[in-house]
């Protein structure tokens, strides 16, 4: 799984995931499924915000090629991936500027067009189950929830999907590609099932001669949100940098 992640995700996303796991004492060589899940969630957050801007008239537009002469503002503020202190600083600044209610938990994005925080979910299970879990945890009508699955399903608060169909289709296609490439490598079952993940982990460690003394239980604890965001993600060049990660994963 680790090799798969390094092959199929943008190196910057991999680096952010590595830093996040290290910060919280998680070993990516053991928690490989978590490593893949963090990378996937972070990529979806960036794909969600990518290409979307607000023009001088306050209208939401899509721009795939940056025009240095255009006075555009990113429609979405990315909160996911920042260190905790900076993330809350950004949230507080948004609340002070817009009058939005401060969320209890750190959200993933802020939508300047709709003036609301957004929580993004990527699930290997039924979308409605994961949506209810998110809603029960957040317990706030002011944070918009949008859930994607690897099967192309999605669910959002009040069926308001925020993005246009083309943008959402791009995210769904990427998730479906990840699923297919995992399946081609025999990794999908272990990614979905903790029981299968345990078997795969023991098999991998045994083949490396590292099985002794290592845990055999796979943690089901939810990973904390990524806390580190490189400055490059917020500049005008992030579109070009991310574009490489939309490509199909290379096959072995």
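Using the three backbone atoms N, Cα and C, a Cβ is placed for every residue, glycine included.
Note that the structure is a prediction, hence the values are computed from the model and not measured.
Other Cβ atoms within 10 Å of the Cβ of residue 28 (site 'Important for efficient shutoff activity') number 19 in total over all chains. Among the features that Swiss-Prot reports, site 'Important for efficient shutoff activity' is placed at 28 (among others), with the record citing similarity to another entry.
For 65 (among others), the entry in Swiss-Prot reads site 'Important for efficient shutoff activity'.
Every protein chain shown contributes to the tally, and the Cβ of residue 80 (active site) ends up with 24 other Cβ atoms within 10 Å. For 80 (among others), the entry in Swiss-Prot reads active site.
Look at Swiss-Prot and you will find 108 (among others) tagged as active site. In the three-state DSSP reading, residue 108 (active site) counts as coil.
Per Swiss-Prot, site 'Important for efficient shutoff activity and nuclear localization' is recorded for 195 (among others).
Taken from Swiss-Prot, the feature site 'Important for efficient shutoff activity and nuclear localization' applies to 198 (among others).
Marked as site 'Important for efficient shutoff activity and nuclear localization' by Swiss-Prot on the basis of similarity to another entry: 199 (among others).
Annotation comment: Swiss-Prot describes 202 (among others) as site 'Important for efficient shutoff activity', evidence class similarity to another entry.
Positions annotated as site 'Important for efficient shutoff activity' by Swiss-Prot, on the basis of similarity to another entry: 203 (among others).
For 206 (among others), the entry in Swiss-Prot reads site 'Important for efficient shutoff activity', with the evidence type similarity to another entry.
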If you measure between the CA atoms of residue 80 (active site) and residue 108 (active site) and round to the nearest Å, you get 4
Provide, as an integer number of angstrom, the distance between the C-alpha atoms of residue 108 (active site) and residue 28 (site 'Important for efficient shutoff activity'). 22
